[in-house]
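Visitor: Quick one: the structure is below, questions incoming.
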Amino acid sequence: MATGSTELLIGWCIFGVLLLAILAFCWVYVRKYQSHQESEVISTITAISSLAIALITSALLPVDIFLVSFMKNHNGTFKDWAESNTTRLQIENTVLIGYYTLYSIILFCVFLWIPFVYFYYEEKDDTDGSQCSQIANAFKYTSGFILVCSCLLLIGAFAPLDIHTNKNSTDLDKIKLLFLELGSSNGLAALSFSISSLTLIGMLAAITYTAYGMSALPLNLIKGTRNAHYERLENSEDIEEVEQQVERIMSKCKDGRPLSSKDRQALYKLKEKLRTLKRRDRHLEYHENNCWTKCCIVIRPFKIIWGILFILVALLFIVSLFLSNLDKALHSAGIDSGFIIFGTNLTNPLNMLLPVLQTVFPLDYIFITIITMYFIFTSMAGIRNMGIWFFWIRLYKIRRRRTRPQALLFLCMILLLIVLHTSYMIYSLAPQYVMYGSQKYLWENNSTQETAIGNSSASVLKDCDASAPEDQCTVTRTYLFLHKFWFFSSIYYFGNWAFIVVFVIGLIVSCCKGKKSVIEGEVEDDDSDLSDDEEHPYA
C-alpha cells in the first residue's frame with residue numbers, strides 16, 4: 001500500500017502544479033481584457049477566482065481517471081494494494097470530496113458572489129447614494145438568485161431517479177447499479193442536480209459561442225486582416241465625402257435661414273459618422289506605424305499554420321462527436337436511460353487516442369488541458385466576435401483593455417459555465433476513457449475447451465465498459481456525478497447535435513466573410529473619444 005500511496009501522490013502533485021498554472025493563466029487573462037480606467041479590485045478578484053475554480057474543477061477529471069486506471073494491472077487484475085473494495089472506495093472518495101468542495105464553491109460564485117458584485121457596480125453607476133444603500137440594493141437583487149439556487153437544491157434532493165422504460169430489464173439493472181455506486185444521499189443528489197442545471201446553461205453557451213468560435217478563430221487566422229495603409233486610404237476618402245455632405249447642408253443656412261428638421265437630423269447623423277471616421281483614422285494611423293503590425297507581417301506564415309492546425313483539431317472534435325452521438329443513436333439504451341452505451345460500437349479517433357496517451361503519464365493530463373484551453377480560446381473568439389447578448393439586445397462588448405467590470409463578470413460567468421460543460425463534452429468525445437480510463441478486466445468464457453488435464457474455461461482480456469461485471473471495473477466519480485439524473489444526459493445528447501449544426505453553419509458563414517479590419521472591435525459608434533486612451537495615447 002505504501003508503494004501505491006507514493007505513486008498516487010504523483011497524480012495529486014501534478015494537480016497542484018496545474019492549480020498554480022491555472023491561477024497564473026486566469027490572472028493574465030482577466031488583466032488582458034479589463035478596462036484599466038474602470039478597473040475595480042473586487043470585480044478583478046471575483047472574475048479571476050470564479051474562472052480559476054471552474055478550471056480547477058475540470059483539472060480533477062484526469063486525476064479521477066488516473067486513479068481508477070492506476071488501481072488495475074495491464075492483465076486486468078487489481079493491484080495488491082487495491083484488492084480491497086474498501087481501499088478503492090476510500091481513494092475514490094477523495095475525488096468525490098474534491099468535487100463536493102469545488103462544486104459548492106461554484107454554486108456560491110454563480111448564485112451569490114458574482115451577482116452581488118455585478119449589481120453592486122450597477123448600483124454604483126446608476127445612483128449617487130451611500131455605499132450602504134448600494135450594498136442593500138445589491139443584496140435585494142441577489143436574493144432572487146439565492147431563491148433560484150434553493151429551488152434547484154430542493155428539486156434535486158427529492159426528484160425521482162427511477163428510470164421508466166420498456167427496455168430489457170438486464171440493461172436497466174446495469175444502469176441502476178452504476179449510479180448506486182455514488183450513493184443515495186439527498187445532499188449529493190441536490191448538488192448534482194444544481195450543477196447539472198448550470199451545465200445545461202453552459203451547453204447553451206457552448207452551442208452559441210464555442211461552436212461558432214471553433215470555426216471563426218482558425219479561419220480568421222488563415223485569412224488574416226486587411227492592410228492598415230490601404231484601409232486608412234479608404235477611410236480618408238470616406239471622411240472627405242462626409243465633410244462635403246456636411247458643407248452642402250451648412251451652405252443652406254449661410255443667409256441666416258434656419259435648417260429644416262430633416263436637414264438638422266441629417267446633419268447630426270453626418271457629424272456622428274464623421275466623429276467615428278476620425279476616430280478610426282487615429283486608430284489606423286497608430287496601427288500603420290506600430291512596430292507590432294510590422295512584426296505581424298513576419299509571423300504571418302505561423303498564423304496560417306496555427307489556423308490550419310486549429311481547423312484540423314476542430315474537425316477532429318466534430319467527427320469524434322458525430323461518431324459518438326451516432327453510436328448512442330444506434331446502440332444506446334434509449335432516451336429514458338440518458339442514451340447510456342453498453343460498450344463502444346463505433347470507435348472515434350479521440351476515444352482511441354486518450355487511453356493510449358494514458359499509458360504514458362502524464363500525456364493524457366496534457367491533452368485534457370489542451371482540450372480545455374482550446375474550448376476556452378474558441379469560446380472567447382466567439383464572444384469577442386458576437387458580444388454578450390440577451391435575446392436581440394447586445395448587453396456588452398468584449399475588447400482588450402477596454403472591458404467594463406460588469407462585462408468582465410458576465411464574461412467569466414459564461415466561461416465558467418462553458419468549462420463546466422467541458423467535462424461532459426470530453427465524455428461525449430471519449431465516453432470509454434471518461435468512464436473507465438484504461439481499465440481492463442478478465443472475462444470468463446462460458447465455453448470450455450479440452451486440455452491434457454481436463455476441461456477448462458478460457459479468460460479473455462477486455463476493455464472495461466458499462467456491460468462489465470460490477471466488481472471488476474470502477475466508474476469515475478466524474479461520470480456518476482454529472483449523469484446521476486438521466487434526463488440531463490438526454491438533453492446533452494440533443495445539445496451535441498445542435499453543437500454540430502451550429503459549427504457547420506459558423507464554418508460556412510466564416511468562409512463567406514471577407515478579411516477583418518485591422519482595428520476590428522476597437523471603434524464603435526457608441527464609443528466616446530476618451531475611450532481611445534484605453535488602447536493607446538495619441539499625443
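Just so you know, glycine gets a Cβ as well, placed from its N, Cα and C.
Given the structure is predicted, the values throughout are model-derived calculations rather than measurements.
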Visitor: Compare the membrane side that Swiss-Prot records for ASN85 with the one it records for PHE139, and say whether they match.
Guide: no
Visitor: Looking at the stretches 8-28, 99-119, 407-427, which one shares the most CB pairs under 8 Å with the transmembrane segment (187-207)?
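Guide: Counting Cβ pairs under 8 Å, the winner is 407-427.
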Visitor: May I ask whether the transmembrane segment (485-505) has at least three C-beta pairs under 8 Å with the transmembrane segment (48-68), counting pairs 6 or more apart in sequence?
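Guide: These two segments do not touch.
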Visitor: Which sequence-distant residues neighbour the transmembrane segment (407-427)? Criterion: at least 6 residues beyond either end, Cβ under 8 Å.
Guide: 30, 33-34, 43-44, 46-48, 50-51, 53-55, 57-58, 61, 106, 109-110, 114, 117-118, 195, 198-199, 201-203, 205-206, 209-210, 321, 368, 371-372, 375-376, 379-380, 383, 388, 395-398, 434-435, 478-479, 482, 492
Visitor: Residue counts in helix (H, G, I), strand (E, B) and coil for the topological domain 'Cytoplasmic' (384-406), per DSSP?
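Guide: DSSP composition of the topological domain 'Cytoplasmic' (384-406): 5 helix, 8 strand, 10 coil.
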Visitor: Give me the long-range Cβ neighbours of ASN85 (N-linked glycosylation site): same chain, 6+ apart, Cβ under 8 Å, in sequence order.
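Guide: Listed in sequence order, they are ASP471.
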Visitor: Could you break down the residues of the topological domain 'Extracellular' (325-362) into DSSP helix, strand and coil, giving a count for each?
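Guide: Going through the topological domain 'Extracellular' (325-362) residue by residue, I get 20 helix, 2 strand, 16 coil.
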Visitor: Return the residue, from the listed glycosylation sites ASN75, ASN345, with the maximum count of other C-beta atoms within 10 angstroms of its C-beta.
Guide: ASN345
